Amino acid sequence: MSQFFEAATPVAIPTNNTNGGSSDAGSAATGGAPVVGTTAQPTINHRLLLSLKEAAKIIGTKGSTISRIRAANSVKIGISEKVPGCSDRILSCAGNVINVANAIGDIVDVLNKRNPENEDAAEGEAEEHYYFHFLNHILPAPSKDEIRDLQQLEDIGYVRLIVANSHISSIIGKAGATIKSLINKHGVKIVASKDFLPASDERIIEIQGFPGSITNVLIEISEIILSDVDVRFSTERSYFPHLKKSSGEPTSPSTSSNTRIELKIPELYVGAIIGRGMNRIKNLKTFTKTNIVVERKDDDDKDENFRKFIITSKFPKNVKLAESMLLKNLNTEIEKRENYKRKLEAAEGDATVVTERSDSASFLEEKEEPQKNHDNKEEQS
């Protein structure tokens, strides 16, 4: 029996949205409105692989479409620069988990919409075969047997979510249990690419379904990624849009054509610099357009109190910017902890003074009591 695509049922989330998330964000989710964002949600940064045409559609005339999505969902959203000879671009969307999921639901809805004045071009675009095979859909197009309302067939869309390989196994689950649960619960189709994106440790998770259903499944995927504590933040390389199809082995992020800087960060501050779920370091890499590798610690490592950060890029100014921002983050964290330590010491000092005063008062009371007894005896005599 064929699986039916299902309309999304909004997750019950409090609506005290002080982040500026708008209910308009859910208007795109045909087949069910996405949930409304809240300030209690942790943050995440999702990256999507786009073709050039998809990127142009999301940007819109003079950036109007992407600006609307950004404002409606209170997220940071951007698309990598268009490079001559490159067939793909990367969309990054950062913010709290629910707002990011809502924004991506809006993106799916934008990609689903066809220009009624140019139906032939839209049909050709849907059937386009890309030379860069990661842009070609892994999942087959939805059939009429997989949907209850044929009028909603065109509302089913896709996203190509870029995910670090270390998270893929958690999303799939033991014997595929987790991914099967997501598919059945949200009425979507999900598949992971077998191949790694060029020169990276990332793969594609393709999701097919209604925009609202994709929104809700992304919330659960985000929670899986954020709770995936057994991740080695390490040497995983992020994918950046290729210039040409690789003819051999993936190129190393530290080739001779790249500018390279190594920094030693105290082990005590590494977790804070990387951020929860590697969000902080990922945002830094995206903003500076660099590759940053955090080396794993070896048992025989002599510098056991430090971790090596390696920054590489083809552009020296980008490497310098990343180095400057990384050191600034380190100094901010050091200062933050020093301030906390001083406040803690001051509070302990105040507590000591109070204790000493209390002890002194008790001593004086004890000293005065015998004196009173002595005076009473003299009066009686």
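From the backbone N, Cα and C atoms, a Cβ is placed for every residue, glycine too.
Noted in Swiss-Prot for the protein shown:
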COMPBIAS  15-33  compositional bias 'Low complexity'
COMPBIAS  369-381  compositional bias 'Basic and acidic residues'
DOMAIN    43-107  domain 'KH 1'
DOMAIN    156-221  domain 'KH 2'
DOMAIN    258-326  domain 'KH 3'
MOD_RES   Ser358  phosphoserine
MOD_RES   Ser360  phosphoserine
MOD_RES   Ser362  phosphoserine
REGION    1-34  region 'Disordered'
REGION    344-381  region 'Disordered'
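Note on the domain 'KH 3' (258-326): DSSP counts are 32 helix, 20 strand, 17 coil. Counting residue by residue with DSSP, the domain 'KH 2' (156-221) contains 32 helix, 20 strand, 14 coil. Model confidence over the domain 'KH 3' (258-326) stands at 84, taken as the mean pLDDT rounded to a whole number.
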